[in-house]
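Contents: one structure, followed by commentary.
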Amino acid sequence: MSDTSPDATGRQLPATPHELIYPEPPRKTLGALLGSQKIAPWLFLSPMLAFGAIFFILPLIYAFYISLTRWDSLSPPRWVGLDHYKYVLTMDPVFWKTLWNTMYFAAGSIGIGVPLAMVLAHAFTRSRGQTLWRSIYWLPMITNVVAVAYIWKFVLDDRYGLLNRALGVLGLGAPGWLTSPTLALTSVVLIFVWMQLGHNMLLFSAGLANIDESCYEAARLDGANERQLFTEITIPLLMPTTLFVLITNFISGLSYFTLMLVLTDGNGGPLRSTTVTGLYMYQMAFSDLRMGRASAVAYVLFAVILVITLIQLRVFRRGGVEAH
Amino acid sequence: MAIVQDRKFLSKAGTVLKYVLLIVGAFIMIAPFADMFLGALRTPAERIAQPPVYFPRDPQWGNYLRVFTELPMLRWLGNSLFVTAMVTALQLLTSAMAGYALAKFQFKGRDILFRSVLGAQMFPFFLFLIPIFFILRYFPLFGGNDIFGQGGSGFLNTYTAIILPFAVTWYGIFLMRQFFIGLPDELLDAARLDGAGEFRIFFVIALPLVLPGLATLGIFVFVYQWNEVIWTMTVTRTAPDLQTIPVGIYLLRGAFIDQSTRSLQQAALGISILPVIVTFLLLQRYYVRGLTAGAVKG
């Protein structure tokens, strides 16, 4: 913006009228300098840059350093190199179990949650009383996770839970929804689907609103029925939204563990059946005080998520090209 | 003619099916919530009655008052309100400032910075739990620490530890940039010709024009922060005076051991979600925008 700066060819630019009026510009005060167009953007950015340095870049480096040491946070750390990574990947049977649980949780919540959200969004978009439906379906997603966990702990309690007492009236058995090692993780998946349904419905209904009504009219004129409209128009045109929902849900599913932590008082039981890798890391760090190994687990999980995300993006980009 | 009637019947059946689906879904959404609010009103006998009692015959309204005398509810609510208000204010300010710079200024490195903001959103929060905990503990010159971060406890057991890691979010910066980018440059240039400094332009001209954006981000941050559990729990485990309402109720779980105190637990949890529900019902259209802003356009 300086009046005499050379242009791309190195030629001096002619002075602007501004300079002609004030041949001697007023002396710049510090305030004017800070408020100038050159300095101001950096001042606007300064909180972000400071935060990025202290709470983003530094932690990433620091966490990697911690992962190369044995450290209980009370006595000084001891350098162990890559030992934690070696242990976690080759010797720790629990890690692989938690990774399996993580995959089961992420895939299960997508497999059940995404189709459900799509169908409900489809019903919701062309119905009366949208504000009412929306408020109802969004209730769980604006509720804190402690309330969600205890709502379901009370409903699903083995003996005194509403559900099992109701099943008892009907003469049916009383499954240990949250106490059976084979059933607990599936129950967690279902609770999570319940929590996330409103969010995914919203994304789908935003995608549905973007579909041009004339597509449907043209198809109707050609004699398509409602089912064909859904499978031949809605689903293909909703593809970008679906991909977005799938990818974001999968990433967040792989890193999620708060619900399991609160539901199981932090122990990931019964028999570690609900211990996902994030929770395993959290227990290791803040219950067992193994900061080094926990940081290694965090980085391994991050690497897994990164690889899966890249594969997904690749596969979907190919699929996306074909869809259009 | 027959085909047309057939189709009319089918579409009518489709409409009925649609509403049946929505109603069944709505029931599954609401019934567990109602169970919590009603559970707080049931007598201990009703809580374990067989067949189950859903609607209490003699509602124990006193339980909603007992939580205020038997639990540190006011302390928890005050902490929640303070932390949420601080984080919301900080995030609005930092996001607006950075978003404005990234949207409305030309400078070297801008595109790299913006791409970094997008990329930073890909890093999951669990990666930061351990290092940020210790960065706050060993923060130099605060909380009795010397210049090397030794000797004291840094920011641990302070409100700062709860608030500071949420002072800036990449999502907020991205969202505000999207709102600022729609502002016409001519407007800002006109102010510059009139001799206004960049800060004046930002606070007096640009900010008021993105009020809807600030409302969107504000409600989003409010709901998120009020419900935040994992970080707050990690840094306030040994500081009951700083706990927010969901964290306080969770960490006090050992106290809710019999059917009578479990009604108290449900009452407290019910109260913990009320502020968000009220805010949300009033401002939900802004919330929609925040959620869909990140999604691709179909």
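Sequential numbering from 1, following the chain as shown.
Each residue, glycine too, has its Cβ placed from N, Cα and C.
Remember, TrEMBL labels are computer predictions, not curated facts.
Given the structure is predicted, the values throughout are model-derived calculations rather than measurements.
Per TrEMBL, domain 'ABC transmembrane type-1' is recorded for B:77-283.
Look at TrEMBL and you will find B:16-34 (among others) tagged as transmembrane segment.
The annotation transmembrane segment is assigned in TrEMBL to B:81-103 (among others).
Marked as transmembrane segment by TrEMBL: B:112-139 (among others). Distant neighbours of the transmembrane segment (B:112-139): 98, 102, 145, 149-150, 153-156, 160-161, 164-165, 170-171, 173-174, 177, 230-231, 234-235; these residues of the same chain sit at least 6 beyond its ends, with a Cβ under 8 Å from one of its Cβ atoms.
Residues annotated as transmembrane segment in TrEMBL: B:159-180 (among others).
The feature transmembrane segment is assigned by TrEMBL to B:201-224 (among others).
Panel annotation: around the transmembrane segment (B:264-283), residues 36-37, 39-40, 63-64, 66-67, 70-71, 73, 76-77, 80-81, 215, 219, 222-223, 226-227, 245-246, 249, 253, 256 of the same chain, lying at least six beyond its termini, place a Cβ under 8 Å from a Cβ of the stretch. Per TrEMBL, the feature transmembrane segment maps to B:264-283 (among others).
Here the transmembrane segment (B:201-224) has long-range neighbours at 84, 87-88, 91-92, 95-97, 100, 104, 169, 172, 175-176, 178-180, 183, 187-188, 191-192, 276, 279-280, 283, 286-287, 289-291, 293, meaning same-chain residues at least 6 beyond its ends whose C-beta is under 8 angstroms from one of its own.
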